[in-house]
Amino acid sequence: MEDIYVRHLELLGYEKRFFPSQHYVYMLMVKWSDLSEKLIYRTYPEIHTFHKSLKDMFPIESGQIEKRDRIIPSLPAPRWLWESEKSRETTKSTLAEYCQKVISLPPHISRCKHLSNFFKVRPEDENPPAPNTLKRAETFLVSRDQARGVASEISAPIILDTYRVIADFEKSTKYEITLHTGDLVEIVEKNENGWWFCQCESKRGWIPASYLEPLDGPDEAEDAEPNYEGDEHITIQAYKAEQDDEISLEVGETVEVIHKLLDGWWVVRKGDETGYFPSMFLSKAGKRERLNPGGQRPPPRRSTIRNAKSIHNKSRQRLSQDTYRRNSRRYFQQKGSRLSEPQRNSKNAAKSPLKERKNQDNIPEMSGSSSESELKKEAPVIPPRPSPELILERCTDNTRKKVSIHNVRVTRL
């Protein structure tokens, strides 16, 4: 059996720990050739020691014989790492860059035993030392754009997003985490496929986003807005609908994603049909990316979770598939009108968004039996003035305060 090797290495950030004494550990996401993903922790001196031994193993590639032959990236010595903020910003070879470059080396280096053994999971990675009861570890993260780009200075300390578990979740693989209703977790990584990597006290693992809710409000507010123009994707795995509002698709079908939701179930459009579909079974057209590199199963939908207990009075609300279909029809009608009459002052414009606000689905009411003449009913070029209440609802807080002050002054006069 062929030995597995590291196929991707990414710096997520670092932690400032206070047990058994104050020190720093780096958080590294290691993706292996068997499609497994592991979060490991290494100190900077450990990484630098590994770097030096790697150079000794490959003297030619490290430039020890001829400098011009060097392909192994450089890494600053530990004594320079925490010297000052200025030195970190001006350092040319950062740790994030080093991770990218070392894994891109020729296979005889990037897949060697020494490298694989160093990045394997250790017991302390899965069960870190007991935390200091007086001081909590501080987490510093690197943004994804920085981690994958050229520059990658580490950001200032931030607080990880905290979510609440709404129902008991029992792990089915060693990569997941068992949690109970009411547990509070910190989110390390939000994956588009609906599986989020979180930590709860000393436990870490993956959990479906559908089992989580933010502490400050209903979670549908975090979803992206629908895009009825559509984002073209190709199905990389077949799926047979299990719910009425889902859609069945075979491998290789081209669909348009019109609503990306955080729980990993996206609304896709195939012709006149729309429905929920697992995002991990989709790949963006023209690219080889996969939203499910770890081979995980689709996360459960919120509607299928039993005994879910939310702390928010407002329940999670989603648009119906009928709403998506009607809004899609309206988009195509508007698009066709623009293409056929580019120079004409549009008399068939859709209702003003101010009017659409009255509809609870935020779409214009359109009967399925409406005739063509009704669809082309003339509308005024200039929409009617919105009500003062709607203006106040949509304006900024600063404007709202000024209006309130003005009203108070008028009342006194």
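If you go along the chain as it appears here, the first residue is 1 and each next one adds 1.
Cβ coordinates come from backbone N, Cα and C, glycine included.
Keep in mind that TrEMBL annotations are predicted by a computer and have not been checked by a curator.
Annotated in TrEMBL:
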DOMAIN    4-126  domain 'PX'
DOMAIN    158-217  domain 'SH3'
DOMAIN    228-287  domain 'SH3'
REGION    287-395  region 'Disordered'
COMPBIAS  299-317  compositional bias 'Basic residues'
COMPBIAS  330-349  compositional bias 'Polar residues'
Checked against DSSP, the composition of the domain 'SH3' (228-287) is 3 helix, 29 strand, 28 coil
Give me the DSSP three-state residue breakdown of the domain 'PX' (4-126), ordered helix, strand, coil.
49 helix, 28 strand, 46 coil
Counting by DSSP secondary structure, give me helix, strand and coil numbers for the domain 'SH3' (158-217).
3 helix, 29 strand, 28 coil
Over the domain 'SH3' (158-217) the mean pLDDT stands at 86
